[in-house]
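What TrEMBL records for B:15-159 is domain 'Aspartate/ornithine carbamoyltransferase carbamoyl-P binding'. According to TrEMBL, the carbamoyl phosphate binding site annotation covers B:67, B:68, B:117, B:147, B:150, B:276, B:277. The L-aspartate binding site annotation in TrEMBL covers B:95, B:180, B:235. Feature annotation from TrEMBL assigns domain 'Aspartate/ornithine carbamoyltransferase Asp/Orn-binding' to B:168-313.
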């Protein structure tokens, strides 16, 4: 049972390639839906790192918004205040805007639930498109990303995490023995 | 008796907020950082966050206060908690109910937090010793002892204007002897590592042990505010005159009132603070209180954000298990 380890799964350049691909998919997605002049919001912390690159690749005019969902977490009374809480900043009016919401990893879907609740406290967007770098199993809410960078096969016990901001690394820790089951 | 109540749990997370005493610098900075996030909320369409939804917070005020009670109430509501205001002056203690009876009765209403103001020093500590394990207590001012959320909102105001605490000289002017605010401020400033804390007051309004608090003492206003970055004026309570500690409001103003002319002695970018409510023409002129260096009204706004930070941090640590 000594398969538990912390290992680099993917490195900076490969991650940037993934983000390039995500940018192309997002562009096509927006065209299909005839969405013009979208705005972008990244979720702290890893989501912001991905969003900064996507934001530049998609030439979005409005500055990037950043959300810290600490005040909207559903497990707040269990785990308490995140000591690194950062102010959310959305430097544009949300009302009637098409929002591209970016996060690094989607698993349970609870972070996205919290982020959407927070966005609606800023205003009523026209639409939200969800883009995540990594999609993995373990969904607990009916929330699915529109654009995915990669869907790596991971065991339930394995955790994948984006490290950054410079260089970006995807790291996995936890046991991989049960990977076949997932 | 359960002994001295612990303000933090075994992991150093906030449980009660009774006094600045005993906190480490990182813990105070963490409160200020959380308040920074709450201070952004007024710019949004919905000014509330759902952090304390379903929680009941009781404002338990044994002493009159409009502003402090209102800002605590607003802070609780902006965190989506439900609030009960319990003014004990007009309530059961006048019918002979003891403090503990009052507490038990409100606990039976399933309150998750008590915000306590009391004229007796140590009242909030006493209540914290006797509440059920999951209940938090915030001290909103007890006797001459402490008013820690006021001190933290003052620290927040200073940080917003000055950034770093370490190079700052801060003068606290007025009735130090009877001021729970001054005691809490002095502790917080020293923990946060300012370069110098001065207290500026007539001898009759200084506590005997003042030097043990880690301050420099001045008995002359103009000397005391020379080259300071921050001036904190304290409210002069009218009853001090009745107690013969001071001759008259007029004479006090002559010697200790902050005028625009005297303010020139401080650094040109010095800020002027006051915990309110101000006595215009007694400890401060209207010209200064309403002038460009005054940050008195900002203190009130920041007070809401700081109280939100303290309340949510104390309520967010109700059990030790870690989820993801």
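Cβ coordinates are placed from backbone N, Cα and C, and glycine is handled just like the others.
A TrEMBL annotation is a machine prediction, not a hand-curated record.
Features recorded in TrEMBL, as mapped to the structure shown.
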residue: B:67; record: carbamoyl phosphate binding site; contacts (Cβ under 8 Å, 6+ apart): B:276, B:277, B:300
residue: B:68; record: carbamoyl phosphate binding site; contacts (Cβ under 8 Å, 6+ apart): B:117, B:140, B:141, B:150
residue: B:147; record: carbamoyl phosphate binding site; contacts (Cβ under 8 Å, 6+ apart): B:139, B:140, B:141, B:180, B:181, B:184, B:275
residue: B:235; record: L-aspartate binding site; contacts (Cβ under 8 Å, 6+ apart): B:174, B:175, B:274, B:275, B:276, B:277, B:278, B:279, B:283
I'd like the Cβ neighbour count for residue B:117 (carbamoyl phosphate binding site), meaning other Cβ atoms within 10 Å of its Cβ, all protein chains included.
25
Looking only at B:150, B:276, B:277, the binding-site residues on record, which one has the least crowded Cβ, with the fewest other Cβ atoms within 10 Å?
B:277
Validating a neighbour-count step here. Other CB atoms within 10 A of the CB of residue B:180 (L-aspartate binding site): how many?
21
With helix taken as DSSP H, G or I, strand as E or B and everything else coil, how many residues of the domain 'Aspartate/ornithine carbamoyltransferase carbamoyl-P binding' (B:15-159) land in each class?
65 helix, 27 strand, 53 coil
Quick one: largest C-alpha distance among B:67, B:68, B:117, B:147, B:150, B:276, B:277, binding carbamoyl phosphate per the record, in angstrom?
17
Taking the centroid of the Cβ atoms of B:67, B:68, B:117, B:147, B:150, B:276, B:277 (carbamoyl phosphate site), which other same-chain residues have Cβ within 8 Å of it?
B:65, B:71, B:140, B:141, B:181, B:275
